[in-house]
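Read through the structure below, which is laid out as structure tokens, and then see the notes.
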Amino acid sequence: MTNLPPELPSDSLTDAASDLATATPIVSELATDSIPAHIKAEILAEALPYIRKFHGKTIVVKYGGNAMTEERLKHGFARDVILLKLVGMNPVVVHGGGPQIDSALRKIGKQGTFVQGMRITDEETMEVVEWVLGGEVQQDIVMLINHYGGQAVGLTGKDGGLIRARRFEMPDRENPGKFLDIGFVGEIDAINPAVVKALQDDAFIPIISPIGFGVDGQAYNINADVVAGKIAEILKAEKLIMMTNIPGVLDKEGNLVTDLSAREIDEMFADGTISGGMLPKISSALDAAKSGVNTVHIIDGRIEHSLLLEVLTEQAFGTMIRSH
């Protein structure tokens, strides 16, 4: 059972309850006559303690996978994010866009190549990444949220000096002491949260594309999981939620692992259980947990309203990452 903080003023809870109950375009399921009144009441009653607990808290969401490509899930995600904002939380969305980048590259005759979960990014690929992430994908998310009554604003690392980056030197695992050239892939030098905090204070929902910029203005492609983890750390987020195309972290037999400690993660790295695109995801999740983010979860974005289920109910699913 959740340990709740001191109660908010009663008018705040009343407003939150009213917002949750009357947000017809956002949670259409509660507005339909097909759900009995007592079930609706139970849903609201279960959500209210979590609304109180997380009121005013920052929730960083790494948005990617099927949740970004399936229309039903895209619309559901937009409504879910608005609802979190509506009841007093501060959602910050960091989005990926791998499938969209791959599609754009195929149209110009290029094939995406990855090393240890990182996309090799030459100059032409970097141009595509900037156009797809900072343009097409981000605008789609912003437009959907605004369509449902939210106020979303798109950002890249260049806006307000949000993400200062430098070229990433990837260690060559086969040749210790040497590094692999993977092009314009960046690692984060610094995060300036001022623009994000200003948007939060003005009731906006920041939508961040994982593109960093060097001191010389060079754009860098940064893994979205890495950006989400660092943003969560700098903003002192209450939660970091990473949405994926799988139920969570799986063991060698394909079974869901619901809880992982730092030691267990190191063991899964060493024996190859965690590999490929999961490497930067789990590393970033663990770094965020070690840096003070209260809870870090990897959840299945293919489940409709999985974000709300994680934040507003006691139903546990996916994998929780612990720093100890």
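Here the Cβ of each residue, glycine as well, is placed from N, Cα and C on the backbone.
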Original post:
Per TrEMBL, which one of Asn175, Asn192, Asn221, Asn245 shares the substrate site with Gly97, Gly98, Arg119?
Top reply: Asn221
Original post:
For substrate, what surrounds Gly97, Gly98, Arg119, Asn221 with a Cβ no more than 8 Å from their Cβ centroid?
Top reply: Gly96, Ile101, Gly112, Thr121, Val129, Val132, Leu133, Pro210, Asn223, Ala224
Original post:
Which one is closest to Lys281 (site 'Transition state stabilizer') in space, judged by CA to CA distance, out of the recorded positions Lys62, Gly97, Gly98, Arg119, Asn221?
Top reply: Lys62
Original post:
If you draw a 10 Å sphere on the Cβ of Lys62 (site 'Transition state stabilizer'), how many other Cβ atoms land inside?
Top reply: 30
